[in-house]
Amino acid sequence: MASQQDELKHRSTTKSQETEQYTKSAHDKDSKSNKNINRSTRKQIAKRGVKSLTIALSIPLLLTLIDISLFGSSYQYVSMEKPFWFPRLWALHLACLGSSLLMGLSAWLVWAEGGFHRQPMAIILYLTQLGLSLAWDPVVFKAGATRIGLVLCVALFGVLIGCFRAFKNVNPIAGDLVKPCFGWAVLLSLANLKLVYH
């Protein structure tokens with residue numbers, strides 16, 4: 001009787017150990033497959049993120065480069081008397097490219113957080129800012145409408161404030177990236193004022 005009980009005990013212990021091992025190996029297989037799925041999902045998300053970031057940076061940068069190459073030369077601006085601290089034309093264009101890059105990155109951060117769906121006004125403000133900055137060169141340098149250029153600068157400054165507030169609410173880093181663009185708007189306004197009162 002005791003030997004039968006020992007044998008039953010041994011069998012049940014063996015079965016429970018086998019069940020434990022089976023469960024453990026099944027769990028290990030599941031966790032390995034989950035890790036593989038997670039890795040591949042993360043890779044796909046990263047690829048999409050890099051692709052969308054490239055688009056978000058390259059489109060405004062390309063538009064700005066085209067704008068500068070078509071409308072960015074001004075004999076009047078280059079030839080006029082300027083104090084030593086006043087921005088040269090190349091510095092103005094470089095600041096414009098930097099601002100375009102920062103605003104593109106800032107807008108991408110807002111998009112990545114889903115901010116354009118939650119706050120549709122943010123995309124309108126971003127596109128308005130891009131349009132105003134692209135309009136300045138042809139209006140001021142090609143058409144010679146310096147007073148209209150000054151209105152564009154004031155409007156640009158106001159839209160940048162709107163972008164800063166809207167972007168900051170979605171992603172604080174995106175809001176911080178807008179801050180240097182205020183400096184560019186001030187630089188543009190100074191250059192425009194000099195052209196108005198030249």
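Yeah, the Cβs are placed from backbone N, Cα and C, and that goes for glycine too.
Feature annotations, reproduced from TrEMBL:
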type	residues	note
REGION	1-41	region 'Disordered'
COMPBIAS	1-10	compositional bias 'Basic and acidic residues'
COMPBIAS	14-24	compositional bias 'Polar residues'
TRANSMEM	52-78	transmembrane segment
TRANSMEM	90-111	transmembrane segment
TRANSMEM	123-141	transmembrane segment
TRANSMEM	147-165	transmembrane segment
Report, as numbers and ranges, every residue of the chain located at least six residues beyond the transmembrane segment (52-78) whose Cβ falls under 8 Å of a Cβ in that stretch; write 'none' if there are none.
89, 93, 96-97, 100-101, 103-105, 107-108, 111-112, 130, 133-134, 137-138, 140-142, 144, 191, 195, 198
Grab the same-chain neighbours of the transmembrane segment (123-141) for me: Cβ-Cβ under 8 Å, and only residues 6 or more beyond its ends, written as numbers and ranges.
60, 63-64, 67-68, 70-74, 76-77, 96, 99-100, 103, 107, 110, 116, 148-149, 152-153, 155-156, 159-160, 162-163, 166, 188, 192, 195
